[in-house]
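Please read the structure below before turning to the comments.
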Ligand code: HEM
């Protein structure tokens, strides 16, 4: 199936990168929302506003972007036979980790909705560094292809 995208390859790659930007924006925003959410009083009006913002960020930005990034990424992967390259295998592992982080965040938002607050603000701020570091690795692997 190699090369099946033909001249559309660069358009799919552009779409992939555009939705990577949206996804990363959402991944950076959500734990920030959690920090502010946890600073307000339980069951207050302020808390219900944060629950609403988190729901919208998940429904409108995060989940659709993740799905589109995966679909376009897999199309690119099949097109160039990327699976046989070392840079891609490591990138795949890293984006798999990023998707697991995405899943953890959705789970945490549900816990907050139920009134649970398992992590401290400091822990959430530290976790907020994870997607940035993974993105640095992924972009270097995808662009420089060091091995
Ligand atoms: C979710 C699964 C993903 C898959 C299967 C995937 C797969 C791919 C493939 C096969 C390419 C084409 C490389 C080329 O044309 O040489 C590509 C390009 C790219 N990907 Fe992904 N990707 C994924 C997620 C991500 C994420 C999360 C990021 C950033 C954090 C990212 C950043 C990029 C960049 C910057 C390029 C352009 C590289 C270039 O051609 O210069 N990708 N991706």
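Including glycine, each Cβ sits where the backbone N, Cα and C put it.
Here TrEMBL flags 6-28 (among others) as transmembrane segment.
Cβ contacts within 10 Å of residue 16 (heme binding site), excluding its own Cβ and spanning all protein chains shown: 19. As annotated by TrEMBL, heme binding site applies to 16, 91.
Taken from TrEMBL, the feature transmembrane segment applies to 60-78 (among others). Long-range contacts of the transmembrane segment (60-78) within the same chain, counting only residues at least 6 positions beyond its ends with a Cβ under 8 Å from a Cβ of the stretch, are 1-2, 4-5, 9, 12-13, 15-16, 19-20, 22-23, 25-27, 29-30, 88, 95, 99, 102, 105-106.
The transmembrane segment annotation in TrEMBL covers 84-105 (among others).
Annotation source TrEMBL lists transmembrane segment at 126-144 (among others). With a threshold of 8 Å between CB atoms, the same-chain residues lying at least 6 positions outside the transmembrane segment (126-144) that come near it are 24, 27-28, 31-32, 87-88, 90-91, 94-95, 97-98, 101, 119.
Non-local neighbours of the transmembrane segment (6-28) in the same chain are 57, 61-62, 65-66, 68-69, 72-73, 75-76, 79-80, 98, 101-102, 105, 128, 131-132, 135; each lies 6+ residues outside the stretch with a CB under 8 Å from one of its CB atoms.
A 10 Å cutoff on Cβ-Cβ distances gives residue 91 (heme binding site) a total of 21 other Cβ atoms nearby, all chains included.
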